[in-house]
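Have a look at the structure below, then the notes.
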Amino acid sequence: MTLIVTGAAGFIGANIVKALNERGETRIIAVDNLTRADKFKNLVDCEIDDYLDKTEFVERFARGDFGKVRAVFHEGACSDTMETDGRYMMDNNFRYSRAVLDACLAQGTQFLYASSAAIYGGSSRFVEAREFEAPLNVYGYSKFLFDQVIRRVMPSAKSQIAGFRYFNVYGPRESHKGRMASVAFHNFNQFRAEGKVKLFGEYNGYGPGEQTRDFVSVEDVAKVNLHFFDHPQKSGIFNLGTGRAQPFNDIATTVVNTLRALEGQPALTLAEQVEQGLVEYVPFPDALRGKYQCFTQADQTKLRAAGYDAPFLTVQEGVDRYVRWLFGQL
């Protein structure tokens with residue numbers, strides 16, 4: 001049976017395609033915005049049946065052009081949290097997603113989709129419930145609105161609907177994301193170019209580099225998606241994070257120490273890295289004040305209750321692995 005991945009040439013989509021390939025799944029229709037031609041590089045080592053532009057996909061899918069489709073992994077979206085064009089964001093992230101959802105419901109196709117922890121905004125609790133949801137930007141709002149649609153249609157749905165609120169994802173195949181790539185990616189490139197990494201200084205009661213996030217490896221993100229793909233009877237909206245909050249300083253020290261290890265140099269503590277000028281703190285930008293999550297930590301209660309019991313990589317494990325992968329791409 002055919003599988004469809006939207007946003008297939010993007011960061012998470014391409015990793016899902018690769019994970020499906022590793023299980024022997026190759027009857028995959030990859031859907032993406034083909035105006036960004038360079039993104040095809042994420043699929044060069046993947047096996048797919050077809051590669052469609054997003055503008056033609058929904059109509060053809062709704063028409064039944066692809067025969068029996070077992071599942072759609074809907075990862076396609078504008079993920080730029082600094083995008084201010086509300087119409088563009090709503091068209092891409094809300095209306096387009098509704099059209100894909102409607103086609104899946106009509107055909108009895110599993111629908112697994114990307115939600116976002118941006119829905120929680122400045123909340124101090126990250127539980128999949130309406131009272132904790134207060135997005136700070138139009139990206140988060142577009143995801144929030146779609147999750148409200150899901151909550152309304154899920155009770156009557158005859159096929160699986162599984163949404164994943166991704167926390168701070170990092171890992172291979174994100175280089176095309178530019179400024180929205182992970183801090184691990186930017187730290188890697190900064191250190192190679194300048195011999196140091198830069199982090200935000202103190203802000204909102206947090207010390208330099210001490211803003212904390214739930215950093216989750218894209219390897220784990222793909223594994224969770226495939227777990228629910230294998231269990232089509234399980235529906236819901238689930239946090240997808242490690243359940244641990246770690247400071248940006250942990251990312252920086254891991255990047256620096258992994259690169260040092262690759263050059264045969266010993267590991268250093270954060271204090272030693274700062275003292276030697278390998279980690280530098282810059283003033284918090286005015287443009288982000290009031291729109292920035294200083295703390296995120298996924299509540300995994302629902303995810304674990306749904307049967308996902310595998311451990312998640314820590315920053316030290318996942319970022320080390322990622323830096324070695326990036327180094328191998330040079």
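Cβ atoms are placed via backbone N, Cα and C, with glycine included.
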Of the candidates ASN168, ASN225, the one that Swiss-Prot places in the substrate site of ARG179, HIS186, PHE200, GLY201, GLU202, TYR203, ARG213, TYR292: ASN168
GLY201 (substrate binding site), number of other Cβ atoms within 10 Å: 16
Candidate with the highest Cβ count within 10 Å, taken from the recorded positions TYR139, TYR203: TYR139
Binding-site residues compared (ASP32, GLU75) - highest count of Cβ atoms within 10 Å: GLU75
TYR292 (substrate binding site): tally of other CB atoms within 10 A of its CB: 17
Lowest local Cβ density among LYS39, LYS143, LYS177, which the record lists as binding-site residues, within 10 Å: LYS177
